[in-house]
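**Q** Quick one: structure below, then a few questions.
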Amino acid sequence: MGGSDSDSRSRSRNREENKSRSLSSSSARRPSPNHEKKHEHSSEKKKMKRRRSSSSSSSSSSPSPSREKKAKKKKKRREAKKLKREKKKEKKEKKRQKKLALKAERAAALTASVPAPVPEEKPQTYLKTWQSEETKEHGPAMTDEQKAKLSTRRPLTKEEYEARQSVIRRVLDPETGRTRLIRGDGEILEEIVSKERHKDINKQSTRGDGDAFQKRLGISR
């Protein structure tokens with residue numbers, strides 16, 4: 001009887017130990033309520049963050065109506081400024097064109113009112129008239145044959161030219177009193193004379209030049 005009681009006691013102890021072990025293991029496996037609360041709180045935070053990020057991304061992707069209004073206002077202001085600048089430019093251009101037109105009209109009126117200056121014909125001085133007359137050639141009078149040949153403009157033959165050039169004439173200028181040797185149609189030759197004859201010729205020529213000049217000026221000795 002004593003052995004059976006001891007066996008039953010040992011068995012009951014073993015059972016109790018097994019139960020306590022199983023309870024401790026189950027309690028160890030089960031998370032504590034504080035830990036569960038923390039886990040739930042962190043999961044809620046994560047969810048909130050996700051929602052915020054999604055809302056911020058959606059707000060950034062789709063512009064808000066206030067921003068759109070501001071952008072429209074800025075656009076309108078820019079357009080208004082551009083229009084003002086263009087109007088100012090147009091006004092300036094119109095003013096410039098008006099000024100140019102007025103200047104042109106004034107210039108035209110001045111030119112029309114002021115007559116063009118008529119150049120006055122100055123009477124020629126005696127010196128000029130004398131010089132112009134001096135330039136004229138007072139050569140010998142041409143014969144009818146020479147005039148006819150000049151009018152026909154026929155080229156001379158060699159014989160005709162030599163025959164004409166062989167003729168030497170002494171021609172007197174009635175105004176100056178000078179005598180010249182002329183060969184052919186008008187080639188003036190220099191006459192070789194003595195010193196005394198040369199002096200006489202110079203005296204006569206100076207006298208004749210003085211008389212001719214006084215006649216042109218209208219002065220008489």
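The backbone N, Cα and C atoms fix where each Cβ goes, and this holds for glycine too.
Positions annotated as compositional bias 'Basic and acidic residues' by Swiss-Prot: 1-20, 33-45, 131-148, 196-214. For 1-162, 196-221, the entry in Swiss-Prot reads region 'Disordered'. Under the heading compositional bias 'Low complexity', Swiss-Prot lists 21-31, 54-65. Marked as compositional bias 'Basic residues' by Swiss-Prot: 69-101.
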**Q** DSSP-wise, what's the residue breakdown of the compositional bias 'Basic residues' (69-101) into helix, strand and coil?
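**A** Looking at the compositional bias 'Basic residues' (69-101) with DSSP, the answer is 33 helix, 0 strand, 0 coil.
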**Q** What are the helix, strand and coil residue counts for the region 'Disordered' (196-221) according to DSSP?
**A** 22 helix, 0 strand, 4 coil
